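Reading through the structure tokens given below for one structure.
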Amino acid sequence: MGCLCLYRSTLLTGGLLFLLMLADPAFPAGSRPPVVLVPGDMGNQLEAKLDKPSVVHYVCSKRTDHYFTLWLNLELLLPVIIDCWIDNVRLIYNQTSHTTQFPEGVDVRVPGFGDTFSMEFLDPSKSSVGSYLHTMVESLVSWGYERGKDVRGAPYDWRRAPNENGPYFLALRKMIEEMYQLYGGPVVLVAHSMGNMYMLYFLQHQPQDWKDKYIRAFVALGPPWGGVPKTLRVLASGDNNRIPVIRSLKIRAQQRSAVSTTWLLPYSYTWSPQKVFVRTPKANYTLQDYRQFFQDIGFKDGWSMRQDTEGLVEATVPPGVRLHCLYGTGVPTPESFDYESFPDRDPKIHYGTGDGTVNLQSALHCHTWRGLQKQEVSLQALPGNEHIAMLANTTTLAYLKRVLLGP
């Protein structure tokens, strides 16, 4: 979602053979619908340039002459060095303006808007641990698409919620209109995880006649429409996503500073208001208790962040375009948390079903839009598919090919 984890996926065994099988060189050029790929949380690179008045450790760089990769750079996640990274990647929330700011002397930018490189591999070294949308893009290329032309990427600053990314949506709309003109037809949006929430926000803010003209379809992969309980654990005690060299408490402050985390807390239109997500020796917390939850974890800014973002997407307002929802099932997915010591110790996790990150009932919110829009809404379960692995899954890629090129 957006995944709230480091993106880690590997090429499937026999993946190259599968790509060759999908290749369709006979498909007439120019008749493919253009494609825009939208990543999830932590799903594209970020770059930073420094001119800081001070640093948190003597090993940290105070000034850089050029932009460098802030995410994902595996070298920056090493012990001690990670303190430098946390200090640079965090956001500072302003209670007066209800916006976030970069730390003093840190400038962060999103590289590669319109290209796919920053989301194919999150680590510019192209290490397998940072592979994200590479297999999907390679599949598109094998079907006749060309990077940076009729398949483009729309990366964004995933630390922020849509209300702080206004210029991004203007650039996205302009790019879609340009691709329509260049390639003679409407665009197919393909989003993953939190990128689906971004696209829902975008589409809810476009006139219907614009959507009818410029958007052919919206393919939503692992969509967290109703929010995910995992965010409560991230906010309370941090989440190292099973990376042993990183302590959860070490990165908790940085994870809390990302407003997009509070945006993805569970919503009442999907989850029962009585469902207990967090149990502690002193209190239990449902989605009606967020204000108290933030107070008890010592993060009062979180309540303001939630109030700022809770109404950004309207659950009862469908996207207004042809929609394909693909979601993982059968993978143990965090649903509630028991703390013996709250909030500074890891909890016992209780699991439901989903894709390991997005719970099934959150993804299935797609179903409620049937009958609320004239455009068709299709749902496709992906049994046993994990949140990231689904992006390279043969079923997913075959489904996408049918959407783009037909039977």
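Using N, Cα and C of the backbone, Cβ positions are placed for all residues, glycine too.
According to Swiss-Prot:
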ACT_SITE  SER193  active site, acyl-ester intermediate
ACT_SITE  ASP355  active site, charge relay system
ACT_SITE  HIS387  active site, charge relay system
BINDING   ASP41, MET194  substrate binding site
BINDING   SER193, HIS387  Zn(2+) binding site
DISULFID  CYS60-CYS84  disulfide bond
CARBOHYD  ASN94  N-linked glycosylation site
CARBOHYD  ASN284  N-linked glycosylation site
CARBOHYD  ASN393  N-linked glycosylation site
SIGNAL    1-29  signal peptide
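Swiss-Prot feature annotations superimposed on the structure.
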residue: CYS60; record: disulfide bond; Cβ contacts under 8 Å, 6 or more apart: ILE81, ASP83, CYS84, ASP87
residue: ASN94; record: N-linked glycosylation site; Cβ contacts under 8 Å, 6 or more apart: THR100, GLN101
residue: ASN284; record: N-linked glycosylation site; Cβ contacts under 8 Å, 6 or more apart: VAL276, VAL278
residue: ASP355; record: active site, charge relay system; Cβ contacts under 8 Å, 6 or more apart: GLY222, TYR327, GLY328, THR329, VAL331, THR333, ALA363, LEU382, ASN385, GLU386, HIS387, MET390
Practice problem: Could you measure between ASN393 (N-linked glycosylation site) and SER193 (active site, acyl-ester intermediate) for me? Cα positions, answer in whole angstrom. | Solution: 15
Quiz prompt | Alpha-carbon spacing, SER193 (active site, acyl-ester intermediate) to ASP41 (substrate binding site), which is rounded to whole Å | solution = 7
Exercise. For ASN393 (N-linked glycosylation site), just give me the three-state DSSP call.
Key: coil
Exercise. Out of CYS84, MET194, give me whichever of these recorded positions has the highest number of other Cβ atoms within 10 Å.
Key: MET194
Quiz item: Near HIS387 (active site, charge relay system), how many other Cβ atoms are within 10 Å of its Cβ?
Solution: 29
Quiz item: Among SER193, ASN393, all listed as recorded positions, which has the most CB atoms within 10 Å of its CB?
Solution: SER193
Quiz item: Once the DSSP letters are reduced so that anything not helix or strand counts as coil, what is MET194 (substrate binding site)?
Solution: helix
